[in-house]
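Colleague: I'd like to ask some things about the structure below.
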Amino acid sequence: MAKQLQARRLDGIDYNPWVEFVKLASEHDVVNLGQGFPDFPPPDFAVEAFQHAVSGDFMLNQYTKTFGYPPLTKILASFFGELLGQEIDPLRNVLVTVGGYGALFTAFQALVDEGDEVIIIEPFFDCYEPMTMMAGGRPVFVSLKPGPIQNGELGSSSNWQLDPMELAGKFTSRTKALVLNTPNNPLGKVFSREELELVASLCQQHDVVCITDEVYQWMVYDGHQHISIASLPGMWERTLTIGSAGKTFSATGWKVGWVLGPDHIMKHLRTVHQNSVFHCPTQSQAAVAESFEREQLLFRQPSSYFVQFPQAMQRCRDHMIRSLQSVGLKPIIPQGSYFLITDISDFKRKMPDLPGAVDEPYDRRFVKWMIKNKGLVAIPVSIFYSVPHQKHFDHYIRFCFVKDEATLQAMDEKLRKWKVEL
């Protein structure tokens, strides 16, 4: 056709590095520690809840309420209302979406207008930038910077900090929203109360909405505490809090997410939702509702999944850290999430000339080399940065440690072979 087919809002966002690395991994005998999903079953109670939804009330095969299956919106309002210290109305303050991804897209489409600026904290979950651009907005980036590490010690995600003056300087009269991700993907940083108070004060000062992606909120380790910024004084009325049943119950294929927020903002998300997705799968929502009802009864008790799961994943994290160190990698200990990043600076010094395009960031060339030669899949951390900042953070790669014991043992075998070759 002579006419340009694609909308201009798609310019510059058509390349997806995930496709390249997934394809490369499929061509080799590898242990895939790249993509963020568990390779073990969801908890029994969640599977049983889905079975109840499929085999029970036949009306669960039909549409439910556009903005969420009523038992699900009710339990989300009750559960998170207590956590956030808010009276949450299931009809006005809760929207069920097609996963956390759908929640993010709906939020950007509802709030971001042509020329609006959106502050994104780096490293960032890679969809934030294209979603901002598709809505007509301009992403504005501010980076977490790693602090010094004592000789012989491992770094921690808690040492990566925002510069308060730099962050404040990113706000302008065009700033519409700030995107916060805690625990952070890929870094695993859990923002402290002091850090959240800084963000909150700037959002209030400049009348900016905070879109907070908290899909990993139950995966917090070493006694750290997840704090929702919406629970801070003056923030509920300007915050959209996004969650994911896939991450919460280790069932990423269910694709149920949600947004919590004040009605004066949520009404605009409902407009986008009803004119795009319209409705989310009823049976998945019913299973999530039953699972949350169970967890509410057991909340903070030793038998709660929200207590047991992070304990198990901390053991997986520690296993991976020990194993990666055996070949000279230097993990940054994450406070939360599915992921850890590891410093490959020593390899960059020893093997500076890995194959690849001249302008290709080193971490991408290293991951390709590792897939082909060592049989391990990771994700280059530079893809979680804006293009101008990628060259400053091309000496880190990301691993997912939320994996079955058999997968971690297979990783160990690959690393043993690697160690012999050193």
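Cβ from N, Cα, C; glycine included.
Got these off Swiss-Prot a minute ago, pasting:
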- GLY36, ASN185, ARG398: substrate binding site (BINDING)
- LYS247: N6-(pyridoxal phosphate)lysine (MOD_RES)
Colleague: Far apart in sequence but close in space: which same-chain residues, 6 or more away, have a Cβ under 8 Å from LYS247 (N6-(pyridoxal phosphate)lysine)?
Modeller: GLY100, VAL215, TYR216, TRP218, MET219, TYR338
Colleague: Cβ within 8 Å of the substrate site's Cβ centroid: which residues qualify beyond GLY36, ASN185, ARG398?
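Modeller: Apart from GLY36, ASN185, ARG398, the close residues are PHE125, PRO186, SER337, TYR338, PHE339, ILE379, CYS400.
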Colleague: When a 10 Å sphere is centred on the Cβ of ARG398 (substrate binding site), how many other Cβ atoms does it contain?
Modeller: 27
Colleague: For ARG398 (substrate binding site), just give me the three-state DSSP call.
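Modeller: Assignment for ARG398 (substrate binding site) reads strand.
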